[in-house]
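Listed in TrEMBL for this protein:
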BINDING   199, 225, 236, 323, 452, 457  substrate binding site
ACT_SITE  236  active site, nucleophile
């Protein structure tokens, strides 16, 4: 069913056909419009941070008329942190946002009040004009903040774009869309914003949570998008987490670095790194708890760990929506000398096309996994390596290697039972130390090729 019916301004092209009149636009936020097997990942309610509102609409970028514009807004200045793609052809929005975040860090000011996101056009590899368009897009957000505040705003706006690379951003449509966008704090309005982020995504990725910091309750909401061109290193897609916690710039930066290494930098779908990858966290302090200032405090440790867990779950939604994916695969490497070593081995397994295609074919070809461990570049004592597959239903694992020795004959019937499940965990123990790491990935299917063979159409 359609959750809302409202009057919105037509896109510029539509206005010419209708003489500048208004038309009725249906915005469907019902989970039933998305694939049946993905509906379980779409929340029906949420607990959202104080002082934030959101909205989404169609401004005319996407030819199919689907939502393509989202705005996230804070009613007060925020502390903001972000991490960005390391792709050298980074898109104009990435270049612009880096400037905003760096200025905030250097000045010590809380600058960010809004995030404007468009889908359908990446504004990447667009030269000097692309950067000017990113500035104009941010200017539209600044104007919205000024209008909502009832006075000229001295704060800033972050911008994010996703879609086809190498096309000029229709910034006039975006500016007009922002000026007419409806914002609200309800679950429906946050869902609109999440839907407007989507490109080849098959479902909107929205998550919210309430956590306890000391004596206070604080809330987090996250929106992310991504289904292809997903691979570290840095953020691997677009995403924003908003929280009403109060935390200093230094500690927010530290918490985000820690969280990203264990979430958005721990997922891989196809080994391609986007030009636009950005993950931002903005904290407005509206929960009114005491500002977290001490790196060694229990409040900070709790905030960092809760943010990490939250972002890992949010990143997992991206993997579950991997283009053509049928499996959600967790690769856990334990017993490493360092976190970096554990992550390197896990990443090598998770990015192996041979491993991923074996999972798609439900083939217990465990030799491919062990082979990836061997060429990961980490010194091993092969006689200490253990490996097992754990099914998502929590039933008994299938041990494949123990003390470096294969457990033969492999129980093919049990292997088949495990590989038929949507969720599978591969656990490798190196026996070298106490550190561990996880990577999240998916299988590689025929559909991935079909989707990306005609992406622009």
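From the backbone N, Cα and C atoms, a Cβ is placed for every residue, glycine too.
For residue 199 (substrate binding site), the count of additional Cβ atoms within 10 Å of its Cβ stands at 21 [all protein chains shown]. Note: residue 225 (substrate binding site) has non-local neighbours 119, 162, 194, 197, 198, 199, 201, 205, 237, 238, 239, 318, i.e. same-chain residues 6+ apart with C-beta under 8 A of its own C-beta.
Other Cβ atoms within 10 Å of the Cβ of residue 323 (substrate binding site) number 24 in total over all chains.
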